[in-house]
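What Swiss-Prot lists as domain 'RRM 1' is 225-302, and the listing cites sequence analysis. Look at Swiss-Prot and you will find 326-406 tagged as domain 'RRM 2'. Swiss-Prot lists 445-525 with the feature domain 'RRM 3'. Annotation source Swiss-Prot lists phosphoserine at S543, citing similarity to another entry. Taken from Swiss-Prot, the feature omega-N-methylarginine covers R582.
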Amino acid sequence: MTASPDYLVVLFGITAGATGAKLGSDEKELILLFWKVVDLANKKVGQLHEVLVRPDQLELTEDCKEETKIDVESLSSASQLDQALRQFNQSVSNELNIGVGTSFCLCTDGQLHVRQILHPEASKKNVLLPECFYSFFDLRKEFKKCCPGSPDIDKLDVATMTEYLNFEKSSSVSRYGASQVEDMGNIILAMISEPYNHRFSDPERVNYKFESGTCSKMELIDDNTVVRARGLPWQSSDQDIARFFKGLNIAKGGAALCLNAQGRRNGEALVRFVSEEHRDLALQRHKHHMGTRYIEVYKATGEDFLKIAGGTSNEVAQFLSKENQVIVRMRGLPFTATAEEVVAFFGQHCPITGGKEGILFVTYPDGRPTGDAFVLFACEEYAQNALRKHKDLLGKRYIELFRSTAAEVQQVLNRFSSAPLIPLPTPPIIPVLPQQFVPPTNVRDCIRLRGLPYAATIEDILDFLGEFATDIRTHGVHMVLNHQGRPSGDAFIQMKSADRAFMAAQKCHKKNMKDRYVEVFQCSAEEMNFVLMGGTLNRNGLSPPPCKLPCLSPPSYTFPAPAAVIPTEAAIYQPSVILNPRALQPSTAYYPAGTQLFMNYTAYYPSPPGSPNSLGYFPTAANLSGVPPQPGTVVRMQGLAYNTGVKEILNFFQGYQYATEDGLIHTNDQARTLPKEWVCI
């Protein structure tokens, strides 16, 4: 409980758009502000004041023109928001003759005028609101306390309260907004008089700033307090999210940025509010703008929030125990980097809080560094100085720097410490002829995208294809990973027809996605299989992979029938020659081939449910046998000199029966730098 203020200042705002329950939901700007002072001690009301506010966009809806009788010409000469607020502050100060011990508080009809209009607009325009706008009385809630028998709060408005008290509607003022302020003044006088004797003692509060913090996985979170924000700029921080929801109270540590499988932000965040009321107001900001981007806002659950922000790591809790710190994430550190080197990297202009204690290195479960770290700074100035070092060198590597959040720290540590991003294969044997997805066909109804940004998502690809996105077969978008489990910059897409695939390749080739141009090639499922096995595909045609080159041996030798499985020792042979990649199982996990597989692509990124996903990359058993198509045996030579030629290799095998020079396959091992040769003998 707090002491009752001496005065209430009744405040009513009008925007250039919707009124009533939809006020502020259309992101329209404030154009008119009314206020009136109510003396609670002497039970008197002051004069009605108003000020026109010039919006940046001089456009009024028809409903607004009809309600307010305001035209664009009158607004063009009005005061801007900061000037109007100074005029309001000066007027209230003069009327109340504010001195030592004099107090006043705003009073509004509901939450929208302060939370959905003034705070969001002032934040966007970088206008500093006076302190009085951070607390206010909601007349509807106060009326419900005063008159418990009145209608529910969501059904209350000025007209309903006036009717409940048997007041006649104010006839002295007929203008919209002015009449509401007149009636609100009369309602307040009735509430503080007999028989109600109501005291205004517990105002609503607006948070000054967002507080970061940790969240335990054991914490119970109300499902009705969480939203999912989608479409965020990738560089946005929790402070940017708090600014987008300015006026609404976010719980401590309640802004959690979501990361994708590669540990990068995916443009989504989960936000937890202090109450269901604030969550509902947040949903009204659906498709409001953050800069030039509109943000989608949807309901989410407490479980969703805990999956992202929850954690129990003592190391993280200790690191985040220092409050009011700005967190910066470092990415691309040398694996041998030490805390002393990180401290020296930032230097004296941006000292790290606590020195080495303010650095948290991210490691895998076995203790190996990931190249990521989080650093604490005591203030915004130090953090900004630190971010200016983005892409500066530490050793021989450039370091990427981003603003971060407590939830992101927890999420990254959970991701790397619990299990590898790419689980390692454990079976002691490798299937030779696993099941295949779809038989390869010569119909060129597929397209290949090459040069995608590494952070590209399924949604980015659909936006990139534009009108052709509707021609994608159900579950036909596949993003390919490299042998490290990271995006390769390639994707394969199965279209509904060869004609549409041709048109997509023609119109989208070298079209930009973000800051990169993307190459688009038409191909068939069979050509796709060739590419995934090591071949190349471009606009000049197809070059077959090594395993499809001729492999000749004396016809007199018959090769034994292959077994269903082979021991792991067979990994010394090129897998594209002797075995198929393991078939993908229906799951959302990543499926790498083992480190012994030397393929162009050893795994792919499965499309999420509802996205296009049934095209197989791997050839069927009919087109890829478990052994070379001709009788013979393949051996691998490792450690050759870089200038070794075919003649030297054949001389080396002198005395053995080997194939012709056509049976010599040149290869490069992706995991090593040593040259190798494959010889059919």
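Using N, Cα and C of the backbone, Cβ positions are placed for all residues, glycine too.
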Overall pLDDT of the domain 'RRM 3' (445-525), taken as the mean: 87
DSSP helix/strand/coil residue counts for the domain 'RRM 3' (445-525): 26 helix, 35 strand, 20 coil
Summary of DSSP states over the domain 'RRM 1' (225-302), given as helix, strand and coil counts: 17 helix, 34 strand, 27 coil
DSSP-assigned states of the domain 'RRM 2' (326-406) in counts, ordered helix, strand, coil: 21 helix, 28 strand, 32 coil
